[in-house]
């Protein structure tokens with residue numbers, strides 16, 4: 001039973017619990033009308049201390065489509081945080097109003113702190129460069145729906161692997177499925193953090209390699225996960241300007257990829273995928289965004305004990 005559980009990190013749920021969520025998400029996708037009132041009377045609080053379009057709207061749309069309601073804020077300046085209120089007090093107060101919290105925060109570990117003071121489920125919608133578990137559920141559902149299998153894939157991850165929380169969460173999750181291999185494509189400055197390399201990949205004897213060439217990595221990939229270079233994570237903006245366009249996926253590069261390769265991206269896109277790739281049958285990132293809404297519907301219904 002997932003009722004009343006927090007989701008802070010992909011490892012909080014077992015593979016069996018993932019499958020439970022994916023099964024429900026698939027059922028909702030097939031027959032959304034059947035689920036349009038199951039969260040009637042329930043309230044989701046979206047506490048976004050950091051800008052977001054897709055994740056916040058996905059959560060809000062998901063709850064509204066389940067028949068529930070949404071309260072919250074989309075930037076800290078519009079809340080009592082701007083008056084100096086602590087995270088603890090915000091969470092305790094929101095517990096009085098809502099049945100479920102989805103929170104994004106710039107500080108790593110903030111979701112964990114929130115869960116310590118919450119009697120209602122807390123969903124981590126991204127904490128700094130740490131984890132983004134609902135994006136991971138989105139990614140896994142997309143792969144499962146359109147690729148058919150979460151095992152035995154070669155996954156190339158390209159771009160900002162240092163600060164990219166979606167990358168960290170996805171590696172942690174896919175490492176739990178059998179026979180997956182990873183190709184980590186990034187500039188030296190944006191390599192995967194040591195804790196992912198040592199505690200996840202090497203500790204579990206998972207095959208991986210680190211390279212700097214997208215052209216090389218794309219040849220072997222069953223799944224290519226592109227990410228943007230994140231301006232907001234750089235202290236030195238000249239360093240960002242130097243690295244921002246280091247990887248651009250275009251049709252010329254796609255010619256070197258497998259015919260059935262899947263291109264994913266957590267969005268927003270900046271320059272790292274050319275618009276021409278949108279017309280390629282291997283581009284799945286907008287289908288991925290839609291899967292995100294359905295998987296969040298399934299997750300919230302499960303955490304609230306309504307399905």
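Residue numbers in this text run from 1 along the chain shown.
Cβ atoms here come from the backbone N, Cα and C positions, even for glycine.
104 is the only one of 104, 242, 282 that Swiss-Prot places in the carbamoyl phosphate site (with 54, 55, 132, 135, 267, 268).
Summarising the environment of residue 54 (carbamoyl phosphate binding site), the number of other Cβ atoms within 10 Å of its Cβ, over all protein chains shown, is 15. Long-range neighbours of residue 135 (carbamoyl phosphate binding site) (same chain, six or more residues apart, CB within less than 8 Å of its CB): 55, 126, 165, 166, 169, 170, 266, 292. Under the DSSP three-state reduction, residue 54 (carbamoyl phosphate binding site) is assigned to helix. Sequence-ordered, the extra residues of this chain that approach the carbamoyl phosphate site, with Cβ no more than 8 Å from the Cβ center of 54, 55, 104, 132, 135, 267, 268, are 52, 53, 58, 125, 126, 166, 266. Among the binding-site residues 104, 228, the residue whose Cβ has the fewest other Cβ atoms within 10 Å is 228.
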